[in-house]
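Here is the structure we will look at.
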Amino acid sequence: MLIPSKLSRPVRLDHTMVRERLLAKLSGANNFRLALVTSPAGYGKTTLVSQWAAGKNELGWYSLDEGDNQQERFASYLIAAIQQATGGHCSTSEAMAQKRQYASLRSLFAQLFIELAQWHRPLYLVIDDYHLITNPVIHDAMRFFLRHQPENFTLVVLSRNLPQLGIANLRVRDQLLEIGSQQLAFNHQEAKQFFDRRLSSPIEAAESSRMCDDVAGWATALQLIALSARQNHTSAHHSARRLAGINASHLSDYLVDEVLDNVDVSTRHFLLKSAILRSMNDALIVRVTGEENGQMRLEEIERQGLFLQRMDDTGEWFSYHPLFGSFLRQRCQWELAAELPEIHRAAAESWMEQGFPSEAIHHALAAGDAQMLRDILLNHAWGLFNHSELALLEESLKALPWESLLENPRLVLLQAWLMQSQHRYSEVNTLLARAEQEIKGVMDGTLHAEFNALRAQVAINDGNPEEAERLAKLALDELPLAWFYSRIVATSVHGEVLHCKGDLSQSLSLMQQTEQMARHHDVWHYALWSLIQQSEIQFAQGFLQAAWETQERAFQLIKEQHLEQLPMHEFLVRIRAQLLWAWARLDEAEASARSGIAVLSTFQPQQQLQCLTLLVQCSLARGDLDNARSQLNRLENLLGNGRYHCDWISNADKVRVIYWQLTGDKKSAANWLRHTPKPAFANNHFLQGQWRNIARAQILLGEFEPAEIVLEELNENARSLRLMSDLNRNLLLLNQLYWQSGRKNDAQRVLLDALQLANRTGFISHFVIEGEAMAQQLRQLIQLNTLPEMEQHRAQRILREINQHHRHKFAHFDEGFVERLLNHPDVPELIRTSPLTQREWQVLGLIYSGYSNEQIAGELAVAATTIKTHIRNLYQKLGVAHRQDAVQHAQQLLKMMGYGV
């Protein structure tokens, strides 16, 4: 819940000086990206900008305090301020900020700018007291904000010092409007107008000018001169002499003498007590000060000119001038030290009654009241956890003694979830074990089950599925139905474990249950996770169309609940890319993989490994080996600079081994094979993939017998567990083994099985990646004209993809190849005596690749009649009469030159 006063522009008071010369300068602010108003405290920054902002409807105001260094809090208020300015135009950004569903401030701001692109009128955001921001992450995000904000957007920043916002760069590019302390200082004319408004009897212009010079035009000093003259009935000049040369750091003594000592005891105590509040309203004042009518008292203090300012148009919320408020809080610690804890307790109680638990925690911490802090956490901690107030919760839990946590074990559970959210897995188990050992008496069974649910999540995250399954089952056996969050966690973990064990149907059922529970209780990140898992399971079962439809539901959930910034969004677009790749929709697959990288742009580069692997796959399927090599260099660099889950490594190794196969790099394959781990099992698609990598490397090295043993065992497991997509992949690799080892009949048999299974999976690229060996077999099958209709159609589609992407098949017949061929000792005499032209060599390569006459004409951009002439000439030179004879002749030439066809 946001405090309204932090989003309210200060109210302009009737007696406030209107700074016409400065307002004239600010009137051109819409021509700049940033309007920066800087000066020490008390120079009238806020007053000036509030005057300028008066009458501007499309302006948001955000007043900072020390608590705004928390990124999530800063984001929530900033977006809320822009929502006020735009009348709710940026609803997606608002929802993401409220639910903490963004990867970083930068990514949230990027979404904000997408929405603001549809806002075409001038728009302003004022951020007051920016000097309170010390968090470098926020500084970095605001630099990003300034670089990318729309042209019709002006950011107005008020600060006591020069903020870390790339000011020099903006200044050089003339995108910065600056007002500093020298300009904010009152000149002689303004000082005269000021005193004429504040003093009962006018003073001479020369006297006014002298006083202005004495205090260097400092607005706070001028205000104190007028206040002192009214309270003490002394001359203004006397006060001016006392303030001459003084600055904010030496003001305390003066304020004691001239302000606090000149009000009655009741007012003095009111000022000191109320100063502990960063913002205040009637209810807070009544509780903190004991005054019966807080609103009336605030208005009275305001009339006395005691540096109190209204924070909203309704006059409900007030705050002290920062300089005066800081002074009062310091004096309160000295004068009311004994009462201070009780004052903070009263403030905490009032904030709780008004529904602001985070503000209440601030005062409970200041009071040092562990019992009050504990009670607030017991009632509100999980709500704060779900809104990602993690830093505040961590600070609060550290302030509680361990004994208090043991007496309230749910707070121990909260602390453990905090650790889990920060990936401190070993600390989670240590904390829970210690708590179980030291909790007095018999531990509540439900709480123990909640501990086990969390432990199960930690175990699966840490790569220990057996322990995760044991703990998840224990938790589900003991958890009441009402304990929905822990039941969702345990059900999800159990489903994930079964997925790892290859029990796909039962895993799918549990993930569907998880989705239903998570949707019912609005636990959206688990709902999304369960959909992603369902899609992976359906893909493994070979039901790729069902996987696609599940992904569509997941994308819809992301859109409805504004989950675009969650890292899980990358997981979803990645598995969508895998599916698109399988169906040979390579451009879409690449775009999806790149969008996954964009989601992770604010994370460590190592997180992008999986999407980078997919980019390599796309290049390999296109036959673009140069691009694949470039991407592999980056991938291998990431592999060497991080620790990864085994399935991440398996996917990365897959594209490396395929690249070595396509380039004939046996040395790299042999080196990898010596060092790569060999899993004990192959009962899920992760482990099947790693064993398939091993078999592919063995085939490349000519180790056909061990590769066949591996693949036969993989197929047995895949059939047993219904891992149909893996079976399809295994059959294709087995086909390559048989083909290369000369077992043509076996190769044809398993290829037919693979084509039949592809009717279910829809696989295309898995065939294409095998290149020319696959193309040659498919040509033979098509020529036999015995394939069923669906398999015939798929074979033709695969062949077209190979012909389109794998240009190296006829690139062999380039000038360099032809020159080497003609110099080969075994070249047929007919070719040596009647050499083909370069164009005829190109035509032969395209015939060999399965192109029709029309396709060859299109490829070479010549007329079909010209192609017929080229074909007639090359047939005559080769001594062949039919197209199939030409194909066989080309194949013999390639074999002679050492190409494995």
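Placed from the backbone N, Cα and C atoms, the Cβ positions cover glycine too.
Residue counts for the DNA-binding region (853-872) under DSSP, split into helix (H, G, I), strand (E, B) and coil, are 17 helix, 0 strand, 3 coil. Sequence annotations record features per position, and here Swiss-Prot assigns DNA-binding region to 853-872.
Around the Cβ of TYR43 (ATP binding site), the number of neighbouring Cβ atoms within 10 Å comes to 27. Marked as ATP binding site by Swiss-Prot on the basis of sequence analysis: SER39, PRO40, ALA41, GLY42, TYR43, GLY44, LYS45, THR46.
What Swiss-Prot records for 829-894 is domain 'HTH luxR-type'.
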Q. What does DSSP call LYS45 (ATP binding site) in the simple three-state scheme?
A. helix
Q. Counting every protein chain present, what is the number of Cβ atoms, excluding its own, within 10 Å of the Cβ of PRO40 (ATP binding site)?
A. 17
Q) Taking the mean position of the Cβ atoms of SER39, PRO40, ALA41, GLY42, TYR43, GLY44, LYS45, THR46 as the ATP site, which residues outside that list, in the same chain, have a Cβ no more than 8 Å away, listed in sequence order? A) ARG160, SER181, LEU184, ALA219, THR220, LEU323
Q) Tell me, by DSSP, whether PRO40 (ATP binding site) is helix, strand or coil? A) coil
Q: Would you count the other C-beta atoms found within 10 angstroms of the C-beta of ALA41 (ATP binding site) for me?
A: 20
